[in-house]
Amino acid sequence: MAGLEPLYAWARAAISRPQDALICGVHWELVRHGYRCLGAGDQPGPDERKSELLPTGWEANKEVYTLRYKSTDDARELLLKAIMVEDSMILNVMDRSSQKVADVTLAVADYINPEHLDDFHMVYKNTEELRTRIASGIIAPLSGPTEEAKKEPEAEKKDADLPRDYDPLRVPPRQPAGTRAPSWPSPLSPFAVGGEDLDPFGGRSGGMIVDPLRSGFPQPGIDPSSGIPGRLPPGAVPPGARFDPFGPLGAGRPGPDPDHLPPPGYDDMFM
């Protein structure tokens, strides 16, 4: 812990309790990680400047230590409050710019020999553990990447997943180019009635309008989109569109003919 020894010698006149020695060690760890002390108390005072030393009056409050720090690059300003609860010290540190908070609880007896406050070489113990606790509990949580830095890679990843010719304003086609029109669903399914009327895009089967060309058993048949000789040119009916024929299409037509069984007494075309 090179550097702490001259600091401890400079602050020795103010160190009268084990917690004073512990605060001195915590302060030096913050200095090692690129912070400098601005002063004591919550509010800044006149003529403050960043320093590796503890400010005047840092040990004045016997219950709560309050110190303010700023990073050497001026990117972060920390407010440290150390509160004694019985034999433990609770360190609460807030980054004033990001409002992030970190907390660490240290048992004073684990790191300080109270009977050797006059001897720097014997007053501290478990120094490596103390350094690890400060680094993992305070330095790391408060010096992580900013929210903007976290969001930027996410946006880049989303853009990389899109195809190179992606156009958000282009309406996607109903079906891929070069594919055949969907085949007619089976008219024998008892659950298909009415299903097609619920789906205007033709993905379901069973419309309420009976098509005589598709009644009864399926026949090898007619694709209206390819045209009907002498009646419709190729392409007159879009692939997959519902098509109601307007005349007989040949002898192979399945199902009954409505003209076969006229109603009894039929003699009126308006009946």
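Glycine residues also receive a Cβ, built from the backbone N, Cα and C atoms like all the rest.
As annotated by TrEMBL, domain 'PI31 proteasome regulator N-terminal' applies to 12-143.
As annotated by TrEMBL, region 'Disordered' applies to 141-186 (among others).
What TrEMBL lists as compositional bias 'Basic and acidic residues' is 147-168.
Under the heading domain 'PI31 proteasome regulator C-terminal', TrEMBL lists 176-248.
What TrEMBL lists as region 'Disordered' is 216-271 (among others).
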Mean of the pLDDT scores, which run from 0 to 100, over the domain 'PI31 proteasome regulator C-terminal' (176-248): 58
Tally of DSSP helical, extended and coil residues in the domain 'PI31 proteasome regulator N-terminal' (12-143): 44 helix, 41 strand, 47 coil
